[in-house]
């Protein structure tokens, strides 16, 4: 996820930088026309000449410093979101002023006027379209980045002081992953399996107690063999004498 956001960051900021340069060039052209033929500079043109250079400088610093220096303050997410929020707020002002100028001075469209006003109307219309585009790009990226950072923070992942490249937004929540104790049934079966083995072994061992083997009143005892030894029974070599009556 962080790789996708990082690529989207370069696309959004790069396009915004290019469009800001285009707006600056168009604003310089309209300002020159206003000075030569109208005798002054309109407030709309002053706003353009302030916002466009400010955006160019800010985005150039964010892109260049972040590319050559790791953990730079300009690449931190909270700095990036704050800076871009200020920029899109200024660009919405530029777009609104451009729309107002077109609706007030050229209500019939650019093609309804003479070539001089046609050129001026086309330039202001281009400024209007580029301004709205920059506004949408910056507000979309900054809002999405801010939401992702808030979600990551709620999961216990501090990302506000990291760059988009180093931040991890899809890390599992630190509040999860608590191991549950084993079920009582499984634990009881496990203990029963351990206790069953010695019981079976005790049942398999023969009870070899000392016993008397009697043969017509004559008996002899068989001693208890040691563990693991074979049971050897010795019989007398001679038949015992029976008592005579």
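Each position is counted from 1, following the chain as shown.
Cβ coordinates come from backbone N, Cα and C, glycine included.
Positions annotated as region 'Disordered' by TrEMBL: 168-192.
TrEMBL lists 7-26 (among others) with the feature transmembrane segment.
Positions annotated as transmembrane segment by TrEMBL: 46-65 (among others).
Look at TrEMBL and you will find 77-98 (among others) tagged as transmembrane segment.
With a threshold of 8 Å between CB atoms, the same-chain residues lying at least 6 positions outside the transmembrane segment (132-152) that come near it are 5, 8-9, 12-13, 15-16, 19-20, 23, 55, 77-78, 80-81, 84-85, 87-88, 91-92, 95, 159-160, 164, 167-169, 171. Among the features that TrEMBL reports, transmembrane segment is placed at 132-152 (among others).
Under 8 Å from some Cβ of the transmembrane segment (7-26) lie the Cβ atoms of residues 48-49, 51-53, 55-56, 59-60, 62-63, 87, 94, 123, 126-127, 130-131, 133-134, 137-138, 140-141, 145, 164, all in the same chain and six or more residues away from its ends.
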